[in-house]
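Step one of this worksheet: look at the structure below.
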Amino acid sequence: MAAVGDHGSPDSYRSPLASRYASPEMCFVFSDRYKFRTWRQLWLWLAEAEQTLGLPITDEQIQEMKSNLDNIDFKMAAEEEKRLRHDVMAHVHTFGHCCPKAAGIIHLGATSCYVGDNTDLIILRNALDLLLPKLARVISRLADFAKERASLPTLGFTHFQPAQLTTVGKRCCLWIQDLCMDLQNLKRVRDDLRFRGVKGTTGTQASFLQLFEGDDHKVEQLDKMVTDKAGFKRAFIITGQTYTRKVDIEVLSVLASLGASVHKICTDIRLLANLKEMEEPFEKQQIGSSAMPYKRNPMRSERCCSLARHLMTLVMDPLQTASVQWFERTLDDSANRRICLAEAFLTADTILNTLQNISEGLVVYPKVIERRIRQELPFMATENIIMAMVKAGGSRQDCHEKIRVLSQQAASVVKQEGGDNDLIERIQADAYFSPIHSQLDRLLDPSSFTGRASQQVQRFLEEEVYPLLKPYESVMKVKAELCL
């Protein structure tokens with residue numbers, strides 16, 4: 001039996017985000033192996049650049065470091081950290097143990113944030129690179145859905161009360177528009193990321209200036225060389241000990257905004273499921289309730305809403321962290337950032353995987369939609385009926401009064417008796433309206449009440465959505481599979 005508290009055992013807590021929800025690729029980006037392997041890569045890049053610029057570092061030392069990037073003794077590192085109470089120095093010693101010839105030049109001139117902060121920036125960049133195509137796929141699936149149903153009339157709702165008609169595709173475009181804004185914001189914040197670079201303990205580069213005997217140009221070159229090796233186009237010119245924690249605010253703000261979009265979309269789907277107009281996918285063997293076998297609960301959408309709320313709250317962490325970074329740095333950030341950055345990305349990853357799964361299997365029930373339209377459309381059509389009567393020679397005021405009385409009677413049947421809306425039957429039975437009886441079918445055609453909805457869908461997809469998705473064409477075929 002595993003000892004109580006062993007990580008990974010059933011006797012120890014594990015984050016559901018990692019163990020239950022998030023994708024393996026996102027979990028790996030925030031794993032210890034990826035983090036500490038990147039630390040070693042950063043030490044190698046630093047040594048290579050220092051050697052190129054003339055410091056006494058041998059090819060043999062460089063090769064030894066290269067050969068041991070993946071040779072990480074996690075047990076030794078944990079023991080060293082317990083002894084030293086310092087995670088970076090624990091890994092300096094652990095790396096040095098398997099690179100004895102290079103041990104003396106590992107971390108030369110650097111501070112802990114050289115590996116810590118630069119690794120975080122690499123992780124943020126790579127995590128954003130994972131989210132971008134996932135969000136693009138969600139938008140693509142919803143765009144297909146919207147295009148297919150661009151002209152399908154449905155009852156609109158304002159205040160969740162019946163309003164004028166729209167189309168199923170046009171409503172979906174409201175969702176897509178928000179997600180397109182999120183995609184643009186994710187891309188912007190990803191492209192705006194800058195490397196911390198090689199800055200020293202308080203950002204002044206004093207240690208490197210000393211190493212290069214006061215040669216400003218070599219210090220600048222060192223910073224640029226390592227930045228280039230890490231794949232960043234530019235580094236911060238100004239830092240304290242850390243990169244400004246405003247970066248974390250920007251990144252998590254975009255993720256929180258994505259959470260708001262997903263929450264709105266999935267709430268709409270849940271409400272439509274209650275109305276029986278639309279459903280998320282429901283597996284053949286899926287059980288909706290342990291007590292009520294008929295239930296078809298929208299559990300995927302509910303999960304998205306649940307996790308989206310968590311994602312929206314996480315932005316408070318970097319806001320408060322940035323506000324308490326006294327002078328060049330305090331350690332108020334460290335423990336908090338270990339939690340909030342990973343949780344934000346694992347949560348965003350989960351809701352995008354889930355929303356893609358939902359969007360790939362949305363089910364629409366046109367007959368239910370049609371029936372609901374029939375219940376409300378007669379009231380909406382009264383103005384058109386009045387106009388038709390006036391054109392046929394009737395009085396607007398007389399017609400308005402007739403319609404008012406018949407509408408109240410029909411509303412009473414619906415609300416007091418639980419019956420169907422029979423306003424049109426009442427109009428058909430009233431001789432006063434005989435001049436337009438033959439026009440009623442045309443006047444009640446739902447498609448005549450949706451305005452330019454279908455044209456708006458087509459233009460929106462062609463002018464805004466498809467161009468935005470073009471860079472992601474090569475990854476569009478990936479399906480979203482949910483285990484739970």
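Cβ from N, Cα, C; glycine included.
Residues or ranges marked as N-acetylalanine by Swiss-Prot on the basis of similarity to another entry: ALA2.
Sequence-distant contacts (6 or more apart, same chain, Cβ under 8 Å) of SER112 (substrate binding site) comprise HIS86, VAL88, MET89. Mapped onto three states, the DSSP output places SER112 (substrate binding site) in helix. Sequence annotations record features per position, and here Swiss-Prot assigns substrate binding site to ARG20, TYR21, ARG85, HIS86, ASP87, THR111, SER112, GLN241, ARG303, ARG329, SER334, ARG338.
In three-state terms derived from DSSP, LYS147 (N6-acetyllysine) belongs to a helical segment. Listed in sequence order, GLY169, VAL457, GLN458, LEU461 are the same-chain residues six or more apart from LYS147 (N6-acetyllysine) with CB atoms under 8 A from its CB. Positions annotated as N6-acetyllysine by Swiss-Prot: LYS147 (among others).
Residues or ranges marked as active site, proton donor/acceptor by Swiss-Prot: HIS159 (among others). Secondary structure at HIS159 (active site, proton donor/acceptor), taken from DSSP and collapsed to helix, strand or coil, is coil. Here the Cβ of HIS159 (active site, proton donor/acceptor) has 6 other Cβ atoms within 10 Å, regardless of which shown protein chain they belong to.
Under the heading active site, proton donor/acceptor, Swiss-Prot lists SER289 (among others), citing similarity to another entry as support.
The feature N6-acetyllysine is assigned by Swiss-Prot to LYS295 (among others), with similarity to another entry given as support.
Summarising the environment of LYS415 (SUMO1 cross-link), the number of other Cβ atoms within 10 Å of its Cβ, over all protein chains shown, is 9. The SUMO1 cross-link annotation in Swiss-Prot covers LYS415 and is backed by similarity to another entry.
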Candidate with sparsest Cβ neighbourhood (10 Å radius) among ARG20, ARG85, ARG303, the listed binding-site residues: ARG85
By Cα-Cα distance, the member of binding-site residues ARG20, ARG85, ARG303, SER334 nearest HIS159 (active site, proton donor/acceptor): ARG303
Tertiary neighbours of ASP87 (substrate binding site) (same chain, Cβ under 8 Å, six or more apart): GLU81
